[in-house]
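Per TrEMBL, the features are:
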type: TRANSMEM; residues: 37-61; note: transmembrane segment
type: TRANSMEM; residues: 67-100; note: transmembrane segment
type: TRANSMEM; residues: 112-131; note: transmembrane segment
type: TRANSMEM; residues: 164-183; note: transmembrane segment
type: TRANSMEM; residues: 190-212; note: transmembrane segment
type: TRANSMEM; residues: 239-256; note: transmembrane segment
type: TRANSMEM; residues: 277-297; note: transmembrane segment
type: TRANSMEM; residues: 317-340; note: transmembrane segment
type: TRANSMEM; residues: 380-397; note: transmembrane segment
type: TRANSMEM; residues: 403-425; note: transmembrane segment
type: TRANSMEM; residues: 446-467; note: transmembrane segment
type: TRANSMEM; residues: 473-494; note: transmembrane segment
Amino acid sequence: MTVWEEVLDLDANLGNDMQKLGYKQQLHRTWHIVESFAASFCALNFIGGVRTALFIGILAGGPAAIWSSYIVTFVFMTITAAILAEICSALPLSGSIYIWAAESAGPDFARFFGFVVAWWSTTAWMTFVAGNCQTTANYLVSLLAVFEVDFPGGIDLGNVKWRAFVWAISEGLLIIAILINYLPPRLYSMIFKFSIGLMMVDFLLCLIWLPIGVSKTYGFRSAKDVFTMTYNGTGAPPGWNWILSFLFTAGTMTGFDASGHIAEETKNARVIAGKGILTSAVATGLLSFVTIILFLFCTPDFDVLFSLNAPQPFVQLYALALGKGGATFMTVIAVIGLILNTSVAIVAASRLVFAVARDGVLPLSGWIGQVDQEGQPKHAVTVMYIFAAALLCTILPSQVAFFSLISAGAVPTIAAYGLIALLRLTMTPNNFKDSYFFLGRYRKMYYLVAIIFNAIVVSVMLSPFFFPVNAENFNFACVIFGSVTLFGILCWYLTPPEKWLRREIVLKALNDANNDHENHNH
């Protein structure tokens, strides 16, 4: 029996629907709107995302490109979130994004696109988890530069001892984030709420304490600098250098599909999961924009900024503005926030792995697809640990290889967003009218602009970031993305149709969704 035989309606009718279809509800269903919102809001982590990648934005276009590109990103990512909310409401299932892609494609192409997006999504979330652990480690080790601690061979990516040090800390942080995921659902609900609270404390400290520190030390940037200054630190032609700023802006708004991944654990998921997607995207967009403007006013002169040689320059920026003690305090908050951010990402990723395993596609599917007595897929969480720990090992031989893996992390998710919009426009524009978030008469225009915007972002993420291109700065994301897509196509070709995403099951899901609409009309 596959997940595709499950048709979810309002929570009150859920048990009867599932019994009629011969599908047993396995996961706990105890979470509400707060947890659904937190799943995406904490996975997006607006304050951590902006702080971590701000320097990339400054290199690509400078302050003027950052704030203007972010407004464009906010508008089009919100439209993309609305498109995902629309189909999530019709199909609120674990592993949601590949299921949405398959059903958006219609019965003839459902299996093909389902396989491809399943590979894209699992790759994206696994690499995000690994990358986040290394990002968190960079905050911690940057304190060595603040306190001027000598490290054997120097704080340098070319130093293998340094890379081993960062790797060991990253692996330790991954273990902490994984262990949090073994908490029962009732306790993990508290993690969601604490994560939101900590992010807002971090934001308020940046909003109040950081400007006070800046005013007493190196001083603010002028409004003219913040809103009109451009910069080319990539070596790209001026137009493309500006477009490269979308690497930063879109990266901070990727991951709002997480609410959909926990849909089967959410009460009244047909309404709540879509709300989680949409509200988290809007909240992240608004708060990120405020954070961006704040940080642009608080960054020192670029000569000073680019002389900061720590793995995470923001730690040194805090030291300049707040002193060593203030920098340590803000770094600890950032690190705890990122650990919780990683933990929430593991929630979303493990549900994706669980859903694929439940359909019998993965090796050891019977074991991976099991849930414990609390209704949690703990074996899928363990699989997440194994893969993320293995990915982190690529830090040891080459930092370039690891950066390429991480830059490839966001590409499949953005590609999946755009693909779902494309399939809705071309294959199933008139389906899922019973969705709580049905987009109405202008839906085709929304699909079209989401396709164009996400295609531009994918091209930016696959592009080299530094020019001229050489072996050291080549972006292997295109190779990784191409390989993952090829694996997905091979799996589609080699897996018998009766084993996963059978045509009649896809048809049943489509028909049930459309019949619900007709029944409600009558």
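Glycine too: its Cβ is placed from the backbone N, Cα and C atoms.
On a predicted model such as this, the values are computed, not experimentally measured, just so you know.
Touching of the transmembrane segment (473-494) and the transmembrane segment (112-131) is concluded from the presence of at least three CB pairs under 8 A, sequence neighbours closer than 6 excluded. Through the fold, the transmembrane segment (380-397) approaches residues 126-127, 129-130, 133-134, 160, 163-164, 166-167, 170-171, 174-175, 178, 181-182, 346, 349-351, 353-354, 357, 368-369, 405 of its own chain, all at least 6 residues removed from its boundaries and within a Cβ separation under 8 Å. Counting residues 6+ beyond its ends, the transmembrane segment (277-297) has Cβ neighbours under 8 Å at 37, 39-41, 44, 46-47, 49-51, 54, 63, 66-67, 70-71, 73-74, 77-78, 80-82, 84-85, 88, 203, 206-207, 210-211, 214, 220-221, 225-226, 252-253, 256-260, 437 in the same chain. Most Cβ pairs under 8 A with the transmembrane segment (239-256) among the ranges 37-61, 164-183, 190-212, 317-340 are made by 37-61. Touching of the transmembrane segment (37-61) and the transmembrane segment (190-212) is concluded from the presence of at least three CB pairs under 8 A, sequence neighbours closer than 6 excluded. The transmembrane segment (317-340) makes no contact with the transmembrane segment (67-100), as judged by fewer than three Cβ pairs under 8 Å among residues 6 or more apart in sequence. The transmembrane segment (67-100) and the transmembrane segment (190-212) are not in contact, since fewer than 3 Cβ pairs between them lie under 8 Å (pairs 6 or more apart in sequence). With a cut-off of 8 Å between Cβ atoms, the residues of this chain six or more beyond the transmembrane segment (164-183) that come close are 129-130, 133-134, 136-138, 140-141, 151, 191, 311, 339-340, 342-343, 346-347, 350, 378, 381-382, 384-385, 388-389, 392-393, 395-396.
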